[in-house]
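Here the structure is laid out as structure tokens; the discussion comes afterwards.
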Amino acid sequence: MAQIRIHEVNTRIENEVKVSKFLQEEGVLYEKWNISKLPPHLNENYSLTDENKAEILAVFSKEIADVSARRGYKAHDVISLSNSTPNLDELLINFQKEHHHTDDEVRFIVSGHGIFAIEGKDGTFFDVELEPGDLISVPENARHYFTLQDDRQVVAIRIFVTTEGWVPIY
């Protein structure tokens, strides 16, 4: 279950109902998908082959199709980041630059952890700390950035409005 940390006051929201309500009020789509469907050989596997990535997409194809139909998404892929990722530190520096997109940024966490820091409607940033099974859609034009948690590893399904993917606006 995702948790929220509000930056300026360092307040945490950990209750599932309160997290969902907070995100809904901020216009952030949040869903919990059944991660137990993931085959054991893909759980916490950060060295994925193309076949592994295709298998992950197949496992969650129904959920991807459902959210895509509801929200108009047209493409998806799988990304894996870990200490074995070449240039991980450089990638994280780039991910941590505050930006926005003219379409939603959608991620479903398959393994590991990630954090989206999002500017709230009142101008205060909050972290959404994500774990396996969490799906988030950062709304279009919302200022945000992404980083990893202390374990520095994540496998995520990215879902896009267009086949070209997101274009960050810094």
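Note that Cβ sites are derived from N, Cα and C of the backbone, with glycine treated the same way.
Given the structure is predicted, the values throughout are model-derived calculations rather than measurements.
The feature site 'May play a role in metal incorporation in vivo' is assigned by Swiss-Prot to Glu98. In the three-state DSSP scheme, Glu98 (site 'May play a role in metal incorporation in vivo') falls into the coil class. With a cut-off of 8 Å between CB atoms and residues at least 6 apart in sequence, the same chain places Glu119, Arg143, His144, Tyr145, Tyr170 near Glu98 (site 'May play a role in metal incorporation in vivo'), listed in sequence order.
Taking a C-beta cut-off of under 8 Å and a sequence gap of six or more, His99 (Fe(2+) binding site) has these contacts in its own chain: Arg143, His144, Tyr145, Pro168, Ile169, Tyr170. Taken from Swiss-Prot, the feature Fe(2+) binding site covers His99, His101, Glu105, His144, and the record attributes it to sequence analysis.
Per Swiss-Prot, Ni(2+) binding site is recorded for His99, His101, Glu105, His144.
Residues annotated as site 'May play a role in transmitting local conformational changes' in Swiss-Prot: Asp104. According to DSSP, Asp104 (site 'May play a role in transmitting local conformational changes') sits in a coil region rather than a helix or strand.
Residue environment of Arg107 (site 'Important to generate the dianion') contains 20 other Cβ atoms, counted within 10 Å of its Cβ in all protein chains. Annotated site 'Important to generate the dianion' per Swiss-Prot: Arg107, in sequence order, evidence recorded as sequence analysis.
According to DSSP, His144 (Fe(2+) binding site) is assigned to a strand segment.
Summary for the recorded positions Asp104, Glu105: the Cβ-based neighbour count within 10 Å is maximal at Glu105.
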